[in-house]
Each structure stands twice: as structure tokens, then as C-alpha cells.
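Scroll down for the structure; my scribbles are underneath it.
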Amino acid sequence: MRILKTHVLLRFLNSYLVDNPEPANITYLWNFGSLLAVCLIIQILTGAFLAMHYTPNVDFAFNSVEHIMRDVNNGWLIRYTHANVASFFFIFVYMHIGRGLYYSSYKSPRVLVWSIGVIIFILMMAIYVLPYGQMSLWGATVITNLLSAIPIFGQDIVELIWGGFSVSNATLNRFFSLHYLLPFLLAALAVAHLIAVHEHGSNNPNGVNSNVDRYAFHPYFIFKDLVTIFAFFLVLSIIVFFYPNLLGHSDNYIPADPMVTPASIVPEWYLLPYYAILRSIPNKLLGVLAMFGSLLILLILPLTDLSRIRGSQFRPAMKLAFWFFVVDFFILMWIGSQHPNTPYVEIGQIATAFYFSWFLIVVPLIGISENTLMDVAIKN
């Protein structure tokens, strides 16, 4: 195995996948990183094969997807895998971020790791217009129209993106180009994320320095990762083969028709919480700012978490606050799927207010109170 440490490229891989020392006490919650890497590889591969048969034209896009499903050998398998892995991608990202929030993985010296991760998450809010069904057309119309809230030149930006006065052939071509290029940008950012993690090592459940108790990545954590990867393949296979449309929207089986508006325009399930935040504020510009702010607010956590203790393992108040935040996130997801009527609008406004106050008020207050109580206990 000497070549692993002497060859210029293999030495680099060896330091990440073989000799990389990891804390002995990290749990299966640390496996979501490897699952996300697998998802990204699957998406790039299946996307490349789909692009060989897809036609980014308003007259042929829907039919080209049906051609892939019906005529291309195993096209249905590639398309359903691509569509469902997108949902799993977001499930794993939410779990990955949740683990980071619970164990304070955003604290120094891992601020750069957290920041790159948040940028990856924002870029993942993917462009969903390519099947050119009813929901993808109207979803694209609503999302691009958000930019019209920008004062003075907002409408000009929207028309520039559309390439006309509505979502048209130019828009579909542009979205297809971006949709094809973004995964490679995500892959580059994922490598940067990995390099940043490698700099200071992984966090651990206890939140303390674990340099004295570490194991090599191979074979211990390689096999641990393989357990969850194969479990993921099992669940993915069940969904692809038996429930392929479980996580999709039925309106995308209707060809896009700009003359017929769907009864309820909703994004994919994984974007619903942010859609709920957008709708909960009556002012269009403020709603757009709140939606983008709800993503960017993750970047301020290293500044607002004032506690001297890393993680929530030994912090009962922070544990409770974390689970309140999780419940609030699911409430926002539910509200995003409902029509904007009473009482859903009011519930959404309360949930949105709690979402922002959690970052700006709850987390700092808990940190300050813990530090104060700790100082009092030490003095006594």
C-alpha cells in the first residue's frame, strides 16, 4: 500500500478516504455527507443520460419526456431515479443541516465549512421547469415573477430571464442550460466543503476536542457509510419500482398550457416551507426578502450562538428549542401546501415569526442565560 502514500494523486485520496482520522464517537447522523455525495453522483449520471433524449423546446419538451418513459430502453428507470433522488437529496440535506444545528457544527473553527454548506443548499433550490407539465410551467412563472418585486428595474430583469414577455422557448432553453451546469458547480463546492472539513476534522456529539480518541476512516467509517448507502438504495428501489410518483405532483402529467391556470400552484414539497414564508407576508417585496432571508439567516448562526458550550448534548434548554424549531419547520411545510385562506395565513405568519426569532432571539438568549448561570455557579 506504499503507492497510496507516494503517488501524487493517490496520496491526496488516501488522506481523505483511508488515513483520515475521525472521532470515535460520531454516530450515524454523520453519514448524511456520504449519502449526499452518492445522490450528487447519481443525479449527474442520470441527468447526463436524460439530456441525450430530452428536447428543450416548448413544443417538444413534454413529449420528449414521454418518449424517454415509453420508447427509450430503461428510460423510465433513469427518469424516475432522477426525479426521486432529487427528493432524497433534500431529505438528506435537511437532516445534515439539522445535525449541524443540534451539535453546533457551525461554531469556530468550522465557520467556513458551514458557510460553504449553506451556499450549496441555496444553489440546490433547483430549477424545476424541464418536464414542461402544468405545475412546472406555472411554478416557473411564479418563481421568476418574484424578481419583479425589485423596485424600478425588477420587471426588466424578469423579461430578461424569460427572453420575452412570458415563460417561453427561450426561458426553457436557459433553464435547461443552468440545470445542466449547476450540478458541476455543486460538485466543485462539495469538494471545497470536504477540504474545509478536512482542515479541522469532524465535530462530534460531545462537542469537545476528540484528538485523543480517533479511528482511521478506512475500514471503520467506510463500512459504517456503506450501511446507510445500501439502506438508501433499498428504500430508493422500493419507491422507484412501486411508488414512483409518491413525491411528485400529478399536474405535471398534464402538458403545459399557458391559457389554463392550475387551481393551486405549489412548488415541490421540499420548497414548501420557504413558499409559506413568502406567502405569509402581504407585501410582495418584503415577502421575497423574507424568503431569501430565511435561507441566508443560517449564515449568521456562528455570530448569534453566544454559548460557550458546543452542541445541545448537555444543554436542556437548547434541546427543547431545537425541537420547537423542527416542529415549526414542518408546520411551515404544511402551510405551504394549503390554499392561502384563514386560518392557514395566520398560522403561517406565526410560524414565520418564530422561524426568524429562533435565530435572532431564542438562540442568543439561551446562550447568554447559560453563560450567566455558569459564571454564577463558578463564583459560588
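Glycine too: its Cβ is placed from the backbone N, Cα and C atoms.
Note: TrEMBL annotation is automatic and uncurated.
Copied over from TrEMBL:
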- 1-206: domain 'Cytochrome b/b6 N-terminal region profile' (DOMAIN)
- 28-55: transmembrane segment (TRANSMEM)
- 76-97: transmembrane segment (TRANSMEM)
- HIS82, HIS179: heme b b562 binding site (BINDING)
- HIS96, HIS193: heme b b566 binding site (BINDING)
- 112-130: transmembrane segment (TRANSMEM)
- 178-197: transmembrane segment (TRANSMEM)
- HIS198: ubiquinone binding site (BINDING)
- 207-377: domain 'Cytochrome b/b6 C-terminal region profile' (DOMAIN)
- 217-243: transmembrane segment (TRANSMEM)
- 285-304: transmembrane segment (TRANSMEM)
- 316-335: transmembrane segment (TRANSMEM)
- 347-368: transmembrane segment (TRANSMEM)
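Between the listed binding-site residues, namely HIS82, HIS193, the fewest other CB atoms within 10 angstroms of a CB are found at HIS82.
Counting Cβ pairs under 8 Å that are 6 or more residues apart, the transmembrane segment (316-335) and the transmembrane segment (347-368) reach 3 or more and are in contact. The binding-site residues listed here are HIS96, HIS179, HIS198; among them, HIS96 has the most other Cβ atoms within 10 Å of its own Cβ. With respect to HIS198 (ubiquinone binding site), the closest of these binding-site residues in Cα terms is HIS96, chosen from HIS82, HIS96, HIS179. If you take the Cα of HIS82 (heme b b562 binding site) and the Cα of HIS193 (heme b b566 binding site), they are about 24 angstrom apart, rounded to a whole number. Separating the Cα atoms of HIS179 (heme b b562 binding site) and HIS193 (heme b b566 binding site) is a whole-number distance of 21 Å. Mean pLDDT for the domain 'Cytochrome b/b6 N-terminal region profile' (1-206) in this predicted model: 93.
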